Every structure is written in structure tokens, then in C-alpha cells.
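**Student:** Structure below; questions to follow.
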Amino acid sequence: MSRPPPSTRPTPPSSSSSSSSSSMSTSTGTLVPLATLSPPIPGGSPAWHVAFSIDGRYLAACVGNPDTRVLVWEKRRRRRRRDGGSGASLSRGRGRRPLPGEDATDATKAKKSAEDDVDVVDEDEEGGREWELISTIRDDDDDDDEYGGRRRQNRPGSTSSRRTIRCAAFAPTCMSSLILATASFDGKVVVWERRRRDCYDGRDRDVDDDVDDDDDCEYDEYDDRDVNSFEAITQLEGHESEVKCLTWNATGSLLASCGRDKTIWIWECRLPGTVGGGDGNAARDGDMGGGEGAGEFDCLAVLQGHGGDVKSITFGQSHGQFGDGDEVLYSASYDNTVKVWAEEDGEWYCASTLDDTVHSSTVWCVALSPGGVRMYTGSQDGSIGIWKMRTSAELSRRRGSSSSSSTRGVGGGGGGSWDCVGRLSDSHSGYPVMSIDCAPSRAGHGRVASCGGDDRINVYREEVVNVGGTIMSSSSDAPKFALEAVAVDAHDGDVNCVRWHPLDGTCLASCGDDGAVRLWRYRR
Amino acid sequence: MHKENPNPTIHATNKRSLPSQSSKATLLGSAAIHRYHLGGSPSPYNDPASEWEREAVPDDEDLSHRWGSITADERSVALALSAAAYPIASASNYHSSTQSSADSESPKLDILQQAGFALYHPHRIHKQCRAIRYPSFAPSAHAKEVVAEEPKRDAITANEVFQIIRNIQDPEHPLTLEQLNVVRIELVEVVDLKGEIVDGEFPQASGSCRKKFSTVHVQFTPTIPHCSMATLIGLTIRVKLLRSLPSRFKVVVKIESGTHASEHAVNKQLADKERVRAALENEHLLGVVNRCIAGGMQIQ
């Protein structure tokens, strides 16, 4: 089930194509199915969310009730590139990469393997074949006798938990440890760590302290079978009801969760392998017992202010315009608004509530451009809002230069604001826009993908206007967007989430109400 | 002679598959028959008359009757049959052909005629054969058969949808929603179609395409404007529709405009798929919904 049939490329129910409408003369891109990682199951559980790890090597998907689970795929490294002729033929297609010679020095080889670590761009059409299902996390696998005891210990009360897992997010940790946070409708956030052979050497002592009676287990953990299983290391409790979204900040020092109870919780994390999160040595040498050594979570703030469910959150850069911290948090809500939360003297507060006339219904999602100065919001009313961050200096310029001294705005730090500079009012045939994602800066093309209740995935391109030799695109106050590629009937039902691969600007992942998880190939 | 045949590859396959046949002219025609599946048996020559009679295509009138219009394939077949039947005539000049036609018949000609094939003299085929006189660019018969095999289904009607929701039991009373006049057939709207793209408005960008879906719109009327059960009734209607209808339908359940105090809030909640899913994971709520659905069936 984890792998698509190797002989044929899987095809979704209907072939996708670029928009063939004659009015779309600018439409040049295509979005074609690359692989179906998880097949659609009629009448089965919807797939709510997909998330790539920071290095793009792992993909997680949350599948909801009744068969609640989190699926994790790993992209296999292509070893053939490094050994012998097949590798040479592969890299020949790239052009820019020199052929790996037979007599390459060790230094060259080391460099090459380092490149392979980050370079997961696959130029062949069978890229989807390389994704292998490595783990299926179920919150209720208490029938696993071998480790059940410890799991229950880590997650009290987990026996009754079968509710939808709505969101999953990989921590931006270093490659040695893979940490995944999941949000469940039962109000809990669970942080999972992948158990790996190379990680366990440093953690044996902790485990020994904790579990004395099953020495055999210790050896079993070195089995290949167990290398890919995820272990719950922490359970964060605090939300009264459904948790709907999770997001890590860029460094992995903060985890935010939001949900039905109208609140946003910010957790401070000290994960091994994150900046400021305590390195592995500290965790090893310190005398913290049990699973605590793997990462500590403290509640930093509970943000209240929304008048309805908080549907989606994401961290962004403040650019000095909101609060005195480097980071801000954006939240989209059932109350039709988007709020900006900033940090001032270590306290988080609501710095701004964005124009509530832009969306006439629930705001489902909020996405930031890689630079953090352009924001996209998708709503139940079927529209996409396009927002621009204005600095306080720009604002005062626009107001007129009467108050030249006030480069810093009122109310503490910052003074910037977000203005709605555009609106795609009918982006998904009038159906809700469920998810938006901006292509990573590494992709280099700045496309925006959206999906929604019309079963489609759209890829937008911001039209570049050339004014007197100056390219005016993202700085424009009235950006124009062209629909560049469409996957019609991407899923047999609403498409709930779409995400760009963090490194590969031609790869997208999506999931939908049909329970399918698909990869897409975007070409300009 | 071979120039008459529009598909020269037939000759090659024909010679290889039936080497025992002496007359090339006859083989030419049989290849065409094979090619277009006009013959019933893989080796019709063993028992030609009986085998061919069943599948025989007597003349072009029947051809057109059978497939609607004359296709390019049939033109080829007619030409090939003609060439097969009159090997000498097709090569000779027009004046001598009428006299020599009887003599120049190939040995298999009478078999073809017995089978009921229409055999035109090469010099008269352009006048007599409709397939030649009225050439058509219609796709071949095989292509049309594929189109015809597309599954057909009856569209789901508003009445059928109403039948699904009419016998839901009210959560507070031992009566169905139909009996309480909460649901009415006039307030059920059904559009059942195959997904198609139509041009639509797209003010911001240079253009777009809209997609139309099969939709079910149901409005219901709470018994009183402050009915606290309105959300539950709507949820039950939605759940039963989701369970009953094919997945191609986009279901919208709303309160009839102006019949409830917090109409907007209830509608928003019913339209929120995440909330609906979450509500159905609440065992208590799911139990109530299931009781309403099951209870209604017992009332009937």
C-alpha cells in the first residue's frame, strides 16, 4: 500500500491539465499527478493535513476518524547515483552536476554525499516510487504488547483516544532526530520522536532507568523493524476541545497550537538538535528521568482574543514592525478575521486584527511568502485575500510627512500593519479555500498553490509588471495573479491541504476528503 | 489493383496468414473483412456460407442502418470486396469489362454472393455503392462503439432526495420532519450532472474556469424561531444525506431564510465541515443523530 505500482504512473480519477480556457493566454504551467502515496478509499476516512519535514525527506499525512492515523513516508535516497554507471547516467541529465568519476577522491565523494543529503530534487518521472511508507502512527495501538506499557506510561488515558488527528508538523530539527507533533480533536498535542538506531546510543541510560524489567526490549529496539517507529515523548494538554492546527517556529524553539476553544497556546520547547534547545549532551548528562530528557515543553502563553475557533496558525518574521521579538504569529479564525500576535518583553499579545471586511466567512488558512511580507488567506467564502506588510515608515510616508519623527509607531514596538492589496474572489468556483501554500524561496519561482472544496488544486503566478525597466512585482500595491496551472479533480472530494516540497519547487503534496495522499509535479 | 485499396498493409498480413489460397484477389477482400470484423469466424473459408450468413452485411443500406452513418472503414471494405470479386475488370478498361465480367469472376465470387455481400463492379462502384457516393468523415464503427458503452445513469431527483430526509425523526417529538413540516419537497434543490468546466467570472486574474458540481441544497424550517434543536436537526439531515448520496454531490443544508433567530450562526456551523466531522466524533451527539435517523424509520 505504501508504494504505488512501479510499472504505471498512478492516475487520479480524471486527468489534470493546465487551464485550457482560451481566456487564459498566460497559463503556461502544468500540474500533473506524480504518485498516489495513499489510495482513495470511498466512504473512508478523510485525510486532513500533509506536512513535509524541513529537509523534504519525510512526509506526514493525518487521516481522520474513523480510521485515525498518521502516515509517514520517507524519500529513499538514490544510492545508484553514487556507485557506477547508473549514477553517471542519472546525473548526466542534470547538466550542472559533474559526472562522478570512478577515481573520485574521498573528499569529492564526501561532498557529493553531503549534496545528496539536501538535494532531493528528482528529475525522473518515477519520483513517487521513491517515497516509502515507513510508519503508521495510531494513537490507540495498545495491543502492541511489547512496548505498550511504556507508551501508556507516556500517554495516560490514550486508550479512549480515537478522535481525528487534524494536523501534524515536523519540528525543524537536525537530521539526527525526527520529531513530529500531532494535534487531535481530543484536545491533546502529542510530540513523537522517531526511534532510530543512531539516536539510541545516547539515550540508553534514560531508558534503562525507566524500564528495568524488560531487558529484551532493549535489544529489540535495534531491530530494523523498530527503527522506523515513532514513540510519544510528550503529551501537551491544555486545550479544552479540538486542536486544529500546529506550527513550529523557524528554529524549533516554539510550538504553537490552536483550536476550537478560541485560544492559541505557545509552548517553549527544548528539543535536541534545535537552536537554543539544549544539545544532545545536555540532555544526556543531565539527570532528567524518563522521556523528559528528549525534550521539555513549557507553556509560554495562552492567547485569547478570537471570537471563534482558531483554524490555522503560522509563525512569521516581525521585521521589526510588530513587537520587539523577531517572530510573530498569524492566526485565522472562524470569526472571519486574521490576527497578528507579537512578542513584547517576552509577553505575547495581539498586535493587530486584520481588516475583517475582506472575508465574509471563516478564514480557513493563512500562508506567508518566504520573506514574510506577503500573506495569503483562504476563506469559506471562496476567496483568497492577498495581504502586504507595511512598515511603520511606509505608513507614515503614506499619511504624509507631517510626523517625520514617528518612525516607530504607537503602542510599544512595531507600528507596521497588514493591508489587503488584492482578493481572488472566486478562486475555487465559490467553494471554500481550505489551504494555501507559498513555494519555498529555494524553489525560486514564488508560486502560490491553493486548494479547496471544488476538488481542485490551483497554482497562481504573480504577474510581473515592468515599469520603466523596473520590475514591480511583490512591491506592487495592486498585485495581479494569473492562474497558471490547475489540477482538476485532484481528489474525489474536497482537497483539504496542499503543501510545496520545501526544497523542490516542482513537487507538491495534497490530501483530500477521499482519504488519498497525492504527489504532484508542477512544471512551468 | 492494389492502388484501389487504401490500406496496403492488408496485403502483407493476408499473404502470410492464408498462404494456401491461390487467388490474390480473393485474399484481398477477405483481409478487409477480417480487418473490420465483418466475418464471424476466424477461418470463414472452411464453412463460408453458414458462418458468414449470420454476420453478413448484405449491402450499404444495412451498413448505414447498423452504424448510423457510413464510415471510412466501410468505404474501404466496399472497395476491397469489389476488387476481390472482379480482379480482371479492375485492371482492364471500362468497355471490355461488362462483357468479360462473368468470365473473369474469381472462384470465390459466388461464395461471397451466396453470403449476401454486395459486390460492385469496380467501374460501377462509384455510382452504386452509397459508401463511395456519400463519403463521410465519421469515426470508425469501433470508435463509436466505445462511446456508446459509456455508462448511463438516471439523474437523482429532488423527490428521491426528499425521500431520504422526510422520515428523520424530530429529536424532541415522535414525529418525522415531514409530519412537522420541517422539510418540504419545494425546499429541496438537486442538480445532478457530470463535472464540467464552464467559463466564469474571475475579476482579479486574467481569467479562470469554474467548475460545476452535482449539488444538493436542502433548506429546513424550524418549528419555532428560537428552536434550540435547529443545529441538531440540520446536522442530522446533513449526516443522513452524506451517508446516502454518492460522493459526487456537494451537500448544503441551510435554514429556510427568515425562520430562525440565529439562522446565520446555525448555517455557518452546518457548512463547516471540520465542525461537522468533530461533532460526529462526539459519542453523545452521534447517538442522538443516529436515534433520529433510526427512529424515523420505525415511525414509517
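Keep in mind that glycine also has a Cβ here, set from the backbone N, Cα and C atoms.
Summarising the annotation, TrEMBL assigns compositional bias 'Pro residues' to A:1-13. According to TrEMBL, the feature compositional bias 'Low complexity' maps to A:14-28. What TrEMBL lists as compositional bias 'Basic and acidic residues' is A:106-115. Positions annotated as compositional bias 'Acidic residues' by TrEMBL: A:116-127. Among the features that TrEMBL reports, region 'Disordered' is placed at A:1-46, A:77-162, A:395-414. The repeat 'WD' annotation in TrEMBL covers A:236-268, A:303-341, A:356-397, A:488-524.
Tell me about the setting of these features in this model.
**Tutor:** Broken down with DSSP, the repeat 'WD' (A:236-268) shows 0 helix, 20 strand, 13 coil.
The list of residues near the repeat 'WD' (A:303-341) in space but at least 6 beyond its ends in sequence, with Cβ under 8 angstroms from a Cβ of it, reads 242, 244-250, 254, 256-260, 262-266, 348-354, 356, 359-368, 371-373, 375, 377, 379, 387, 389-392, 412-418.
For the repeat 'WD' (A:356-397), same-chain residues at least 6 beyond its ends with a Cβ under 8 Å from one of its own Cβ atoms are 308-309, 311-314, 316-317, 319-321, 330-334, 336-338, 403-404, 406-409, 414-441, 446, 448, 450, 452, 474, 477, 479, 481.
Remark: secondary structure over the repeat 'WD' (A:488-524) totals 0 helix, 19 strand, 18 coil, with classes taken from DSSP.
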**Student:** Looking only at the repeat 'WD' (A:303-341), how are its residues distributed among DSSP helix, strand and coil?
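**Tutor:** Counts, helix then strand then coil: 0 helix, 22 strand, 17 coil.
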